[in-house]
């Protein structure tokens with residue numbers, strides 16, 4: 001009997017030893033307890049992270065806050081995390097290629113976990129999970145329930161319908177199903193109508209900023225409601241942070257105007273107020289974003305726009321379509337009137353894209369590898385009598401650093417050639433209309449001709465590979481730019497130094 005009891009205790013101890021630990025209400029998972037956690041929890045959100053990842057560090061307190069909130073509510077949803085650098089088998093199994101990667105598991109299903117796509121604040125996480133595990137809109141039986149919903153999040157939407165089976169109510173529910181990161185409620189209770197000053201059916205968006213609420217006007221259709229929410233769910237001016245980035249770059253509005261403003265500047269409040277005043281005229285058309293130009297985490301954003309801290313305050317506009325295009329105001333005045341005028345002229349198509357360029361170094365052509373900037377690119381690359389091979393690089397790029405000595409040797413090889421030029425251009429500081437650079441390094445060949453031909457190089461990055469390409473007139477090693485981009489994306493996650501810059505590239 002004693003032996004059996006001891007055996008049971010030993011088995012129980014082993015089970016407990018392998019059970020997930022908790023850190024700030026977040027389950028700590030490993031390969032040894034991952035399956036057990038999936039079996040124990042109907043809904044499980046898992047973050048695959050790396051200890052060195054800045055984005056993961058920024059997410060950690062919000063992730064823990066969300067976990068604590070759900071646990072306190074007695075929810076069936078649990079949050080967990082996996083150190084992907086230690087648990088490489090799990091990371092590979094679930095296709096982790098960047099950090100953080102967050103996946104949602106339902107009923108232990110490991111075949112098709114859902115990718116988490118919402119923001120990185122606690123409310124965003126909780127709202128997304130509740131929408132994934134519950135009804136599209138919560139039924140609100142009384143004023144207390146409605147007030148609780150409104151107070152629970154930065155933004156909430158309530159549909160007021162005297163008949164919740166009406167066509168309008170059904171359109172409302174369809175809109176609710178389409179949005180993951182905002183809580184929706186629906187009510188037919190007359191007291192709730194009175195509480196929020198409604199005497200007929202309607203939809204109201206409640207928010208803890210700007211005007212506080214927006215009443216929907218017009219025909220209640222899914223499309224109209226989604227458009228209404230898109231126009232009103234973000235503040236007139238939203239600060240760019242680690243937490244707000246997914247809302248900014250994942251939203252429907254792809255034209256962004258950015259105010260680079262140090263919070264330490266003496267007239268900070270006045271300049272921000274001017275920016276906000278201008279924003280009132282462009283809701284739903286242009287997203288107004290404020291960036292603290294003094295903050296260390298934002299320096300690479302400044303670099304992307306060719307700005308230095310001492311040049312701020314400054315305004316820039318960017319379109320986030322397939323080809324990102326930047327625009328610069330003609331005036332440096334940051335009054336509401338000037339910013340409004342700039343936005344109107346942009347929307348009317350009267351503003352030309354802004355292309356960055358460094359100053360041309362005096363010795364740009366004194367070395368075997370010629371230095372190109374925006375100002376001399378056209379003259380050199382499209383010289384009808386020269387075959388020009390150009391490396392478009394970024395100073396921070398690990399692949400570019402590896403290529404540098406080989407590229408220098410290539411320059412030495414052809415320094416005395418009468419019609420072959422080896423060149424390089426820093427694409428983080430220089431832009432040209434003729435070439436769009438999507439990854440680093442990008443290698444392009446400009447053969448001697450009058451038709452402005454551009455050939456992408458996608459061969460081996462070796463001296464012999466480059467020489468064969470040049471001696472073949474740009475044939476041996478030629479390939480599509482898309483192929484090169486795929487190669488870079490496959491390689492980059494292994495380069496830790498590129499993590500932050502890759503995030504900037506992905507977001508911008």
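Glycine is treated like the rest: Cβ placed from N, Cα and C.
What Swiss-Prot records for this protein:
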DOMAIN    18-134  domain 'Thioredoxin 1'
SITE      54  site 'Contributes to redox potential value'
SITE      55  site 'Contributes to redox potential value'
SITE      120  site 'Lowers pKa of C-terminal Cys of first active site'
MOD_RES   222  N6-succinyllysine
MOD_RES   271  N6-succinyllysine
SITE      398  site 'Contributes to redox potential value'
SITE      399  site 'Contributes to redox potential value'
SITE      461  site 'Lowers pKa of C-terminal Cys of second active site'
REGION    471-508  region 'Disordered'
MOTIF     505-508  motif 'Prevents secretion from ER'
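Mean pLDDT of the predicted structure over the domain 'Thioredoxin 1' (18-134): 92. Close to residue 222 (N6-succinyllysine) in the fold, though at least 6 residues off in sequence, lie 171, 174, 175, 178, each with a CB less than 8 Å from its CB. Counting every protein chain shown, 20 other Cβ atoms lie within 10 Å of the Cβ of residue 271 (N6-succinyllysine).
The highest number of surrounding Cβ atoms within 10 Å, among the recorded sites 55, 120, 399, is found at 120. DSSP assigns residue 54 (site 'Contributes to redox potential value') to a helix. Rounded to the nearest whole angstrom, the C-alpha distance between residue 271 (N6-succinyllysine) and residue 461 (site 'Lowers pKa of C-terminal Cys of second active site') is 49. Considering only the recorded sites 54, 399, 461, the residue whose Cα is spatially closest to the Cα of residue 120 (site 'Lowers pKa of C-terminal Cys of first active site') is 54. Of all Cβ atoms in the protein chains displayed, 14 besides its own lie within 10 Å of the Cβ of residue 54 (site 'Contributes to redox potential value'). Of 398, 399, 461, all annotated as recorded sites, the residue with the shortest Cα distance to residue 54 (site 'Contributes to redox potential value') is 398. It is 14 Å from the Cα atom of residue 398 (site 'Contributes to redox potential value') to that of residue 461 (site 'Lowers pKa of C-terminal Cys of second active site'). Around the Cβ of residue 461 (site 'Lowers pKa of C-terminal Cys of second active site'), the same chain contributes 403, 406, each under 8 angstroms and 6 or more positions distant in sequence. The distance from the Cα of residue 55 (site 'Contributes to redox potential value') to the Cα of residue 399 (site 'Contributes to redox potential value') comes to 22 Å.
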